[in-house]
Amino acid sequence: MAYRVRGRAGPAQPRRARRLLFAFTLSLSCTYLCYSLLCCCDDLGRSRLLGAPRCLRSPGASGQKLLPKSRPCDRPGPPPSAPGPRAPASNHSGAPKPGTKRLPQALIVGVKKGGTRAVLEFIRVHPDVRALGTEPHFFDRNYGRGLDWYRSLMPRTLETQITLEKTPSYFVTQEAPRRIFNMSRDTKLIVVVRNPVTRAISDYTQTLSKKPDIPTFEGLSFRNRTLGLVDVSWNAIRIGMYALHLESWLRYFPLAQIHFVSGERLITDPAGEMGRVQDFLGIKRFITDKHFYFNKTKGFPCLKKTQSSLLPRCLGKSKGRTHVQIDPEVIDQLREFYRPYNIKFYETVGQDFRWE
């Protein structure tokens, strides 16, 4: 008769070992799961997307044993790159805005107080022209920002439309012709010129409205008025030396790519001047006499009511200021100073602006 001896090592002992191993494995798995959940949640306990990549914080001594293969957190580095371009803005109908932002094919490059704002506002009436309303000063002050930044400022245009911007200080900026040429040698340039004496007085009047304590016009214009020595270092005087500045442009652009608008004729015959601008840009003569009326208060033409504007549109309050009174002798001296520059300018561009 066989007897079973209790406590003897037999089949029960391996089963107990397997249970202990199973319990230890289960405990280890739960610990790993809890640790993973903690790493996937932010400090407020809100769960992040589990599918997003997430690094594990450096574990302690026990953690190193439990998670020997876990990827440690990356060291601090530069911030992530900017997100990709946003989806095109939509109009009221929900459709993307038509057109593309392009570098300008035409520029109004000068001159200050010559009538550049009037030309810009008038040409914007044309359906084939889209123009930037502000002055970006890219080719004189912001060139370091790059062409992509410059392009981002432009309005959207269709293939049949021209992109245009104006910054009058380009004309007297030494580096501007080369920089514009490097952008596109086919760029069309518009220069609005005006009697340099009248332009200087207008320039001074604008400055005086902002800085009432500046010296007199006469004091700024001359180094020695008795000897007739004009101070060409004063910007208001130097801008009017058109022939001098034009030399820099003709090193890069042929005269056929530069159109000169008379600031005086822009007042007396806006439709005629704008007709020539439209011809230069290669667009149909859409802007005509029907678009203008003369504002006696301001002393220059304004735009009539159009389909896109319920009211007539004139230039801002800063335009049409009454000029300060200048001694006629000072005006005569400045006319004599500018005469040789004017004659050279007439000969170069092939137009007589009749400033004498």
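Using the three backbone atoms N, Cα and C, a Cβ is placed for every residue, glycine included.
Features of the protein shown, as given by TrEMBL:
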{"type": "ACT_SITE", "residues": "Lys113", "note": "active site, for sulfotransferase activity"}
{"type": "BINDING", "residues": "Lys113, Gly114, Gly115, Thr116, Arg117, Arg194, Ser202, Lys319, Gly320, Arg321, Thr322, His323", "note": "3'-phosphoadenylyl sulfate binding site"}
{"type": "COMPBIAS", "residues": "75-86", "note": "compositional bias 'Pro residues'"}
{"type": "DISULFID", "residues": "Cys302-Cys314", "note": "disulfide bond"}
{"type": "DOMAIN", "residues": "104-339", "note": "domain 'Sulfotransferase'"}
{"type": "REGION", "residues": "60-103", "note": "region 'Disordered'"}
{"type": "TRANSMEM", "residues": "20-38", "note": "transmembrane segment"}
Given Ser202 (3'-phosphoadenylyl sulfate binding site) and the residue listed as 'active site, for sulfotransferase activity', what distance in Å do their CA atoms have, once rounded to a whole number? 7
Nearest to Lys113 (active site, for sulfotransferase activity) in three-dimensional space, by Cα, is which of the recorded positions Cys302, Cys314, Thr322? Thr322
What mean pLDDT does the predicted model reach across the domain 'Sulfotransferase' (104-339)? 94
Across every protein chain in view, the count of C-beta atoms other than its own within 10 A of the C-beta of Ser202 (3'-phosphoadenylyl sulfate binding site) is 22
Counting across all protein chains, other CB atoms within 10 angstroms of the CB of Gly115 (3'-phosphoadenylyl sulfate binding site) number 28
Residue from Gly115, Arg117, Thr322 whose C-alpha is spatially nearest that of Cys314 (disulfide bond), among the binding-site residues: Arg117
How many whole Å apart are the CA atoms of Arg117 (3'-phosphoadenylyl sulfate binding site) and Cys302 (disulfide bond)? 12
Gly115 (3'-phosphoadenylyl sulfate binding site) and Cys302 (disulfide bond), distance between Cα atoms, whole Å: 13
